[in-house]
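For 17-53, the entry in TrEMBL reads domain 'Metalloenzyme'.
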Amino acid sequence: YYDGEKKHRLNPHRPQKNFENQKRAVEYIDKCLPEIVKPFKRPTDIIITSDHGELFGPHIYGHDSRMLSLKFDAKLFEIPLITGSIGDE
């Protein structure tokens, strides 16, 4: 995860640290979002999503497609979706 300062790799032995790194990455994007949408024409609808959910804790880490348990874990299908609009203000 990139938190605006540096990249962090997942560490299966430190699940809380992984969660905190992901949280900081989301906070970084949240901080950058106003500048990202500034040049958009108004009104505009915004959709933010992901290609898959996330696994933490005792689950499997990473994107190794050879791991069938990773490919088909139900948590991966909990896909984030945020929608909203920016008006003429």
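Note that Cβ sites are derived from N, Cα and C of the backbone, with glycine treated the same way.
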Take every residue in the domain 'Metalloenzyme' (17-53), average their pLDDT values, and give the whole-number result. 88
Secondary structure content of the domain 'Metalloenzyme' (17-53), with strand meaning DSSP E or B: 21 helix, 6 strand, 10 coil
